[in-house]
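Engineer: Features from TrEMBL:
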{"type": "TRANSMEM", "residues": "21-41", "note": "transmembrane segment"}
{"type": "TRANSMEM", "residues": "47-65", "note": "transmembrane segment"}
{"type": "TRANSMEM", "residues": "72-88", "note": "transmembrane segment"}
{"type": "TRANSMEM", "residues": "94-111", "note": "transmembrane segment"}
{"type": "TRANSMEM", "residues": "118-137", "note": "transmembrane segment"}
{"type": "TRANSMEM", "residues": "149-170", "note": "transmembrane segment"}
{"type": "TRANSMEM", "residues": "360-379", "note": "transmembrane segment"}
{"type": "TRANSMEM", "residues": "412-431", "note": "transmembrane segment"}
{"type": "TRANSMEM", "residues": "437-455", "note": "transmembrane segment"}
Amino acid sequence: MNLSWLEWKQLPWIKATRGQWRYALRNALAMCLALSIAYALDLDEPYWAMTSAAVVSFPTVGGVISKSLGRIAGSLLGASAALLIAGHTLNEPWLFTLAIASWLALCTWIANHFQNNVAYAFSLAGYTAAIIAFSTVNITEIGDLWEITQARVCEVISGILCGGLMMMILPSTSDGDTLITSLNTQHARLLEHAALLLQPEITDNMRTAHENVIGQILTMNLLRIQAFWSHYRFRRQNNLLNYVLHQQLRLTSVISSLRRMLLNWPEPPAVLFSVIDQLLNELARRDCDKYRLAQILQSAAPTADNDYRHRAFWHRLRYFCWMHLNVSRWLRQFERADAETRFSPPPVPSLARYTDSAEASWSALRTFSVIVLGCTFWINIQWDAGSAALTLTAISCVLYSSAPSPTGSISLLLKTLLLLSLFSFVVKFGLMVQISQLWQFLIFLLPLLITLQLFKLQQKQRAGLWGQFIVF
């Protein structure tokens, strides 16, 4: 049995770096401050303020700003929709069912067409309306609907303001440094990916590696959006960053095409693989130039005019080298540029602009059907916990509709809820029954949140689990 994790050097508080401590302390203080303000304002559900502070806890300023804007817009839109739906249809259960299901389907359809804050805002608008509307089914006074709605919005905004305040007090690393480092790392990773795919052997991790590289580039697009909100320099150079990400995504396509050509080549020349290794090593150097690449390419040039397979592969390989070199040049210029420099790269559309409308429609139809079936079951059996069940169902349908592997997301959510239920049971009957003041609870909560934040940063494989545990 390996008990090395019990050593004092392996404790999360000991091995945490200065940056990790700052991140964990900032987010934990923001959540505790949001909870205190919500209790001081006598809001209905103070923990929603703490949840909002946790959701916007990004390591960069741009991430906090972009997430906060999307969360505020989504909360206001969802609260307005809940007022209209519940205010006009609450006395008619079936009309209420069709109205809330249609709204959730619309939000799902719009969110599936974007991969930025617009998607998050409409996802939040969907399940915010569900949270408010399903919690008002037992009210008798119409004024209670307004009280619940405004309390929800106040809780969200107070949590966001607390997160922004702590970001100002304990600022994190610059979005620009993070973005530049990530772009260079991703550019070097493309060479490693090419070395993996452009080899004669076939390995099991080739397909998953290609999917991971594409996913990493799409994640880089989110970093670009966060940098856009952090400094006007990145707003000026947004077209360059978008062009670089387009070229990196195209490089993955070129690598894939070279791999397919190798698979359909019965007996490729042995010298070709040694030349590929030389090219990749040369491209990894900072002082790489076209002349040296051309010399290496010449050693693998086809000799026969009718060897079309060799000629096509050679031209494609040269295209890959020129494209990688071009992206490296743009990245160097971006690193050296100041706030006044303007670039004029070739125009390209926004990354992931074109989406599958048919897939979005299927996701919307699935959300609509699930909500209608759930409400039908709830209406017929008069289940006391039906509102909570339908709220969780709506959140799952909207958030995970565009996930590439919804099964994994749902299983992670269920695992989090199971662990949280056990933990809450122990805390409630072992500690909460002895606490009568808020400050006593905060003394317990602050170190707990700091520890969970450190776990999220240090245990990369369980980061999603710890993140959901903190939010819930």
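Using the three backbone atoms N, Cα and C, a Cβ is placed for every residue, glycine included.
Curation does not apply to TrEMBL; its annotations are automatic.
Can you tell me where each of these features sits in this structure?
Structural biologist: Sequence-distant contacts of the transmembrane segment (47-65) (same chain, at least 6 residues past either end, Cβ-Cβ under 8 Å): 23, 26-27, 30-35, 37-38, 71, 152, 155-160, 162-164, 167, 171-175, 178, 225-231, 234, 453, 470-472.
If one looks beyond the transmembrane segment (118-137) by at least 6 residues along the same chain, the residues whose Cβ comes under 8 Å of a Cβ in the stretch are 67, 70-71, 73-75, 77-79, 81-83, 85-86, 90, 96, 100, 103-104, 106-108, 110-112, 144-145, 148-149, 152, 387-388, 390-391, 394-395, 398-399, 402.
Packing against the transmembrane segment (149-170) from elsewhere in the chain are residues 22, 25-27, 29-31, 33-34, 37-38, 41, 43-46, 48-57, 61, 64-65, 68, 71-72, 75-76, 79, 82-83, 128, 131-132: each is 6 or more residues past its ends and has a CB under 8 Å from a CB in it.
Long-range neighbours of the transmembrane segment (360-379) within the same chain, counting only residues 6 or more positions beyond its ends whose Cβ lies under 8 Å from a Cβ of the stretch, are 93-94, 96-98, 100-102, 104-106, 108-109, 112-113, 386-387, 389-390, 393-394, 397-398, 401-402.
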Engineer: Based on Cβ pairs under 8 Å, which of the stretches 21-41, 72-88, 94-111 lies most in contact with the transmembrane segment (437-455)?
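Structural biologist: Answer is 21-41, with the largest number of Cβ pairs below 8 Å.
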Engineer: Give the nonlocal contacts of the transmembrane segment (412-431) in its own chain as ranges (CB under 8 Å, at least six residues past its ends).
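Structural biologist: Here the qualifying positions are 396, 444, 464-465, 468-469, 472.
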Engineer: Could you pull out which residues elsewhere in the chain have a CB under 8 Å from any CB of the transmembrane segment (21-41), counting only those six or more residues past its ends?
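Structural biologist: Residues 47-50, 52-54, 57, 59, 154-155, 158-159, 162-163, 165-167, 169-170, 172, 438, 442, 445-446, 449-450, 453-454, 457.
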Engineer: Using a Cβ cut-off of under 8 Å, list the residues of the same chain at least 6 residues beyond the transmembrane segment (94-111) that approach it.
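Structural biologist: Distal contacts: 81, 85-86, 88, 118-120, 122-123, 125-127, 129-130, 133-134, 137, 360-361, 363-365, 367-368, 371-372, 375-376, 379, 394, 397-398, 401-402.
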